[in-house]
Amino acid sequence: MLSYISAAFQSPSPDEGVQQRPPRYVGEDTTPTSRREILGWYSYGIAAEVFAVCGVGSFLPLTLEQLARERGTLQTSRLPCVGPSAGNSTNATEHGQCVVPVFGLEINTASFAMYTFSLAVLIQALTLISFSALADYENNRKTLLMVFGFAGALASMLFVFIAPPLFVIGSILVVVGVTCLGSSFVVLNSYLPVLVANDPSLQEGKADDGTEMSSFDRDEGDSEGNPWGKDHTDNDSLDGLQPSDQPQSSLEGGMGTKAPLSSSPELQLSTKISSRGIGLGYCAAVFVQIISIIMLLTLSKTKLAKVSATLPMRFVLLLVGIWWGAFTLVTRNLLKTRPGPRLDTVSTKGTGRWRAWLRLVGFAWKSLWETVKVVSKLREVLIFLVAWFLLSDAMATVSGTAILFARTELKLSTPLIGLLSITATLSGMTGAFLWPQVSRYFRLQPSHTIILCIALFEMIPLYGLLAYIPFIKNWGVFGLQQPWEIFPLAIVHGVVSGGLASYCRSFFGLLIPPGSEAAFYALYAATDKGSSFIGPAIVGGIVDATGQIRSGFFFMAILIVLPIPLVWMVNADKGRREGLAMAETLGKSHGGPAEDAQEAEGLLARE
C-alpha cells in the first residue's frame, strides 16, 4: 500500500508525455493513461465518499436538526426544547412538537432538516443539468472538479463555527455541500471515458493471453505488493442480469452488427476501474466513520458536549471536511487536466466567453429536452423511467427519514447512529455482490430481480407501521418501538439499495438505443436527482402536520410499492428491439454513423 501512496509524490514518467494516437481536436492530450492518473481518480472517490456516508448519510441531518432544536420551543407549552426548563417527557405529544421559527413560519425541527435536504437535492439537479456540457471543454473538467471538491470540503469544515443561533446558515452550508458532492462525482465520472480511451492496452492491442490489461494492471503485474490482489470480478455489470441459460444475444434483437455491450474491452476496463473506485471509497468511509464514533465518545465526556450537543458532531464534520480537502489535493497533483476542445474558436475573452458558457448551459437543457422527446417514442424506456422516478424518490426518502427517526423517535445516541450508518454501508457493499449471485441461482429475469428488491424494501415502512396496531403497541416491542430494531432494517436497507442501484442502471442500459448512451444516461441521472427532492418534502409536511415522523411511513409504503407494476410491464426484449430501431432512425436522420466524431457525453451521462 505504501507504494501506492508514494505515487502521489513521484515525478511523472517521461513516457507519460508521449502522444500515442492522433488527436481528435486541437490541444487534445492523448498521452497514455498512467498509474498516477488512475490513483488520482481513485483518490477523489476516497475523498468525497467520506462526506457522502459520514456527512450526508449520518451527521449532517442530525447536526441540522439538533441546531434547530436548541433554538426551538415546544408548540403547546412554549418551553425550550433543550435546556433545564424543557419538558422531561420524551413523548412529543405531551408538550407538543418541537418547532422553530424560520422566515415567519413555525416548522418542526425534523421537518426543517428534511426541507433543507430536499432543497439541496433540487439545486443539485439543476446544477448537474446546467453544467452538463461545460465540463467537456478546455480545462473545465479538472477546474470544476477542484472547485466543487474544495468548496464542498470548506462547507463541511465551516460547520464547526455554526452555533444554534446560526442554524439557518447551517442549512445553506448543507445545500452547498450536497450540491458540490453530487456535481463533483459526476465530473469525476466524466474523466473515466477519457482515461479508458487513452489506456495503453486499448491502443497497443491485447496481451499475450488475449485479454485486455489496463496500465494500472500492467504496473501491478504479479507483484505480491498488490494491495487489492487479483480482480476476479471484471465482468460487466450486465452479467447476472439474465439467467445463465439465456444467451446475452437474446437482448440484441438479432442485429449482430455490434458486439454485446459486456464484451466491449472499453466497457470491461471502465467497469473494473469504476468498481475498484467505489470499493475504495466505501472502505475509506467506513474507516472515517469508525474514527468519528471514537471522537464522539471521547468528546461527549468533555465540557464541549455541555456547551452544545452539536459541538461533537460539528468537530466530526470538521474532520470530514479536512479529509475531503486533503484527498482532493492529492487528486489535483495526480490527475492530468486532459483538456477538451476550445470553448469558442472566435472569441474566448471578455463577454464572448460568458456568452459561450451561457450557450452551453442552454445546449445542455435543450439536449435533455431532445432526449425526452425521443424517449416519448420508446414505450419500454418511458415506463422504466417513470418507475425509476418513483423508486429513486422512495430510496432518498427512506434514507433521509431513517436517520431522523432514529434520533428523534428512538432516541439513539450519535455514536449509535454512526454505527447504524456503518451497518447500512457494509450491507450495501454486500448487496452489490450478492444480488447477481441470487439472480443466477434462481434464474431470475432482470425485472424480477428488481421487483424482489422493491418487495424487500417495502418491509421497512410496513414494519414501522406495525406500531399502530394496538396489541403490538402495548407490547412495547416490534414495529420500531425499541432502538435495536432499526439495525436489522438497516441491513435490509443496505442490501436492497446496493442491488437496486446496480440493477436498475444496468437494466436501463439494455433499453438504450446504441450510440445514444450519453444522452439517455443524462436523462437517467436527471430523473434520479429531479425526483429525490419530492418525497422528503412531502414527509416533512406530514411531520409538520402530525408532529411524528412515524406517520410518514404511510406515504413511504405507498411510494415504494408504486414502481412494482411499472417494472413488471417493461419487456426487455421488446425494449431492446425498439432501441435498435430508434438507433437506425436516428442514424439516418443525422446522415449516418459518425464513428470518428467526438462524443459529446456531458456530465450527467457518467453518473
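Yeah, the Cβs are placed from backbone N, Cα and C, and that goes for glycine too.
Here's what Swiss-Prot has on this protein:
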type	residues	note
REGION	9-31	region 'Disordered'
TRANSMEM	44-64	transmembrane segment
CARBOHYD	ASN88	N-linked glycosylation site
CARBOHYD	ASN91	N-linked glycosylation site
TRANSMEM	111-131	transmembrane segment
TRANSMEM	143-160	transmembrane segment
TRANSMEM	161-178	transmembrane segment
REGION	203-263	region 'Disordered'
CARBOHYD	ASN235	N-linked glycosylation site
TRANSMEM	277-297	transmembrane segment
TRANSMEM	310-330	transmembrane segment
TRANSMEM	381-401	transmembrane segment
TRANSMEM	415-435	transmembrane segment
TRANSMEM	450-470	transmembrane segment
TRANSMEM	484-504	transmembrane segment
TRANSMEM	521-543	transmembrane segment
TRANSMEM	552-572	transmembrane segment
REGION	585-607	region 'Disordered'
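Proximity of the transmembrane segment (161-178) to the transmembrane segment (484-504) is not established, fewer than 3 Cβ-Cβ distances being under 8 Å for residue pairs spaced 6 or more apart.
Sequence-distant residue pairs (6 or more apart) of the transmembrane segment (484-504) and the transmembrane segment (521-543) include fewer than 3 whose Cβ atoms are under 8 Å, leaving the two stretches without contact. Distant neighbours of the transmembrane segment (415-435): 53-54, 57-59, 62, 233, 240, 279, 282, 285-286, 289-290, 292-293, 296-297, 300, 403, 406-407, 449, 453, 483, 486-487, 490-499, 501-503; these residues of the same chain sit at least 6 beyond its ends, with a Cβ under 8 Å from one of its Cβ atoms.
Same-chain residues lying 6+ beyond the ends of the transmembrane segment (521-543) with a Cβ under 8 Å from its Cβ atoms: 108, 110-112, 114-115, 117-122, 124-125, 128-129, 132, 182, 186, 367-368, 371-372, 375, 385, 388-390, 392-397, 400-401, 505, 508-509, 512, 549, 551-552, 555-556, 559, 602-607. Under the criterion of 3 or more C-beta pairs below 8 Å, with sequence separation of 6 or more, the transmembrane segment (552-572) and the transmembrane segment (381-401) qualify as touching. When each of 44-64, 277-297, 381-401, 450-470 is scored by its Cβ pairs under 8 Å to the transmembrane segment (310-330), the top-ranked stretch turns out to be 44-64. Residues 44, 47-48, 51, 55, 63, 131, 134-135, 170, 173-174, 176-177, 180-181, 183-184, 187-188, 191, 314-315, 317-318, 320-322, 324-325, 328, 331-332, 335 of the same chain lie 6 or more positions beyond the ends of the transmembrane segment (143-160) yet place their CB under 8 Å from a CB of it. Below 8 A, the CB atoms of the transmembrane segment (277-297) and the transmembrane segment (44-64) form 3+ pairs separated by six or more positions in the chain. Same-chain neighbours of the transmembrane segment (111-131): 56, 61, 64-65, 68, 100, 102, 144, 167, 171, 174-175, 177-179, 181-183, 186-187, 361, 364-365, 368, 396, 400-401, 404, 522, 525-526, 529-530, 532-534, 536-537, 539-541, 543-544, 603-604, 607, counting only residues six or more beyond its ends whose CB sits under 8 Å from a CB of the stretch.
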